[in-house]
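What Swiss-Prot records for Cys295, His431, Asn451 is active site. Residues annotated as disulfide bond in Swiss-Prot: Cys292-Cys333, Cys326-Cys366, Cys424-Cys472. Annotation source Swiss-Prot lists N-linked glycosylation site at Asn160, Asn195, Asn367, Asn378, Asn440. If you look up Swiss-Prot, you'll see 1-19 marked as signal peptide, on the strength of sequence analysis.
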Amino acid sequence: MAPWLQLLSLLGLLPGAVAAPAQPRAASFQAWGPPSPELLAPTRFALEMFNRGRAAGTRAVLGLVRGRVRRAGQGSLYSLEATLEEPPCNDPMVCRLPVSKKTLLCSFQVLDELGRHVLLRKDCGPVDTKVPGAGEPKSAFTQGSAMISSLSQNHPDNRNETFSSVISLLNEDPLSQDLPVKMASIFKNFVITYNRTYESKEEARWRLSVFVNNMVRAQKIQALDRGTAQYGVTKFSDLTEEEFRTIYLNTLLRKEPGNKMKQAKSVGDLAPPEWDWRSKGAVTKVKDQGMCGSCWAFSVTGNVEGQWFLNQGTLLSLSEQELLDCDKMDKACMGGLPSNAYSAIKNLGGLETEDDYSYQGHMQSCNFSAEKAKVYINDSVELSQNEQKLAAWLAKRGPISVAINAFGMQFYRHGISRPLRPLCSPWLIDHAVLLVGYGNRSDVPFWAIKNSWGTDWGEKGYYYLHRGSGACGVNTMASSAVVD
């Protein structure tokens with residue numbers, strides 16, 4: 001492994017490099033009451049995943065269950081605790097040594113999207129070894145002091161992204177000794193600000209440990225960012241990296257080829273020094289995709305809204321729900337591609353407005369009515385990967401649908417983001433957004449990006465990314481509808 005990759009792996013910043021903190025258990029499981037009926041289906045699914053690959057006679061049996069659910073629309077995230085009974089095993093073909101019957105205490109996290117279950121986490125151990133707090137990461141509040149220090153927010157723009165360019169960041173003063181008290185206070189403010197409720201003390205304790213790990217991770221991202229961005233507490237700070245990626249991002253963007261689009265005609269590379277379609281009436285308000293990986297739909301409707309405004313003179317807020325329900329080439333909350341969405345709009349005969357076909361945040365039956373369609377598109381085009389030409393196209397033609405690597409966005413607060421290229425690879429794009437403008441802040445060039453995570457994220461719902469360096473793959477999947 002290259003030296004800089006070894007360092008980034010040590011810092012826990014490469015995808016999947018750090019496991020999420022395990023969820024703590026409650027020892028007094030005998031006192032659990034009957035489970036809510038809605039917990040049974042996700043629990044059975046988790047049990048099925050637990051037993052997958054096990055020989056007959058060795059499969060565990062479900063015992064007691066408890067848990068909680070967090071909802072958005074019909075998307076549900078279940079945090080479950082269950083006891084499992086493992087049968088004794090005396091078959092030498094299956095077990096090397098005889099194994100007596102034992103009880104396991106497990107925690108599972110299951111995502112349910114219209115009955116489709118995904119197991120996000122499985123953590124099990126014998127009951128007698130699971131005591132309150134045992135699942136928490138060792139020294140959760142101070143693990144950062146052993147690996148990375150209280151790092152300065154400003155540092156040189158090191159273009160040579162190697163081991164030597166970041167190793168000095170490990171040699172600063174350690175984190176303060178009163179960090180646990182500070183973190184508890186910050187977490188309390190987070191809970192109040194974002195109206196979080198947790199089912200039990202164990203769940204709250206576990207979310208606190210996730211929060212602390214996330215703050216350490218945000219500090220590392222802050223230290224290695226070459227822009228002016230500030231990272232820290234956001235509404236996603238109590239979600240593990242895996243939860244965040246599964247619920248809000250769109251890995252289909254890097255896995256599926258999508259429909260082939262023709263290349264857009266060049267408008268040249270002469271662009272005004274700055275441009276912002278928000279101030280010119282071509283951009284609707286920031287929307288919120290909720291617990292649904294539907295960023296692709298919001299990116300496309302935002303582009304079509306702008307194209308319709310520029311060519312027809314009317315700004316309409318268009319329906320993402322129509323695409324979730326009626327675009328059969330894409331996968332609704334499980335992800336999609338802008339190129340497929342353009343084809344779906346064209347084949348359907350247009351888009352209805354948000355008022356007529358409102359967003360639900362989950363897939364339902366297609367209720368598109370051609371009579372209610374307010375806009376149409378004639379075609380779609382792929383744009384240049386040259387950022388100067390992209391800026392010129394945007395200034396002349398309107399907002400652009402793009403896809404980016406969302407590294408660091410879970411903790412983004414404000415400023416111009418510029419992660420190191422190895423951390424924000426252009427080949428690992430997983431989030432679709434909308435370019436609405438560009439400019440400079442204190443001589444730092446940026447793209448102004450409309451996101452779909454609500455106005456309580458980022459700069460009132462907007463993300464600012466470095467322009468001119470191909471940051472996070474912003475130039476790799478740019479496209480637009482064509483409205484004549």
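The backbone N, Cα and C atoms fix where each Cβ goes, and this holds for glycine too.
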Q) Nearest to Cys366 (disulfide bond) by Cα, among Cys295, His431, Asn451 (active-site residues)? A) Cys295
Q. Looking only at Cβ atoms, how many others are within 10 Å of the one on Asn451 (active site)?
A. 28
Q) Which has the fewest other CB atoms in a 10 Å radius around its CB: Cys326, Cys333, the listed disulfide-bonded residues? A) Cys326
Q: Within 10 Å of Asn451 (active site) by C-alpha distance: pick out those among the recorded positions Asn195, Cys295, Cys333, Asn367, Asn378, Cys472, and say none if nothing qualifies.
A: Cys295
**Q.** Distance [Cα-Cα, Å, rounded] between Cys333 (disulfide bond) and Cys295 (active site)
**A.** 9
Q | For Asn367 (N-linked glycosylation site), the one of Asn195, Cys295, Cys424, His431, Asn440 that lies nearest, given that the recorded positions are compared by Cα | A | Cys295
Q | Distance, Cys295 (active site) to Cys326 (disulfide bond) (CA atoms, angstrom) | A | 16
Q. Of the recorded positions Asn195, Cys295, Asn378, Asn440, which sits closest to His431 (active site) by Cα distance?
A. Cys295
Q: For Cys333 (disulfide bond), name the DSSP secondary structure in the helix/strand/coil scheme.
A: helix
Q) Counting every protein chain present, what is the number of Cβ atoms, excluding its own, within 10 Å of the Cβ of Asn367 (N-linked glycosylation site)? A) 14
Q: Out of the recorded positions Asn195, Cys295, Asn440, give me the one sitting nearest to Cys424 (disulfide bond) by CA distance.
A: Cys295
Q. Of the recorded positions Cys292, Cys295, Asn378, Asn440, Cys472, which sits closest to Asn195 (N-linked glycosylation site) by Cα distance?
A. Cys292
Q.
Rounded to a whole angstrom, what is the C-alpha distance between Cys472 (disulfide bond) and Cys295 (active site)?
A. 16
Q) Among the recorded positions listed here (Cys292, Cys295, Asn440), which has the Cα closest to the Cα of Asn378 (N-linked glycosylation site)? A) Cys295
Q | Cβ contacts of Cys295 (active site) (under 8 Å, same chain, 6 or more positions away) | A | Tyr248, Leu249, Asn250, Gln289, His431, Ala432, Val433, Ser452
Q) Whose Cβ, among the disulfide-bonded residues Cys292, Cys366, Cys472, has more other Cβ atoms within 10 Å than any of the rest? A) Cys472
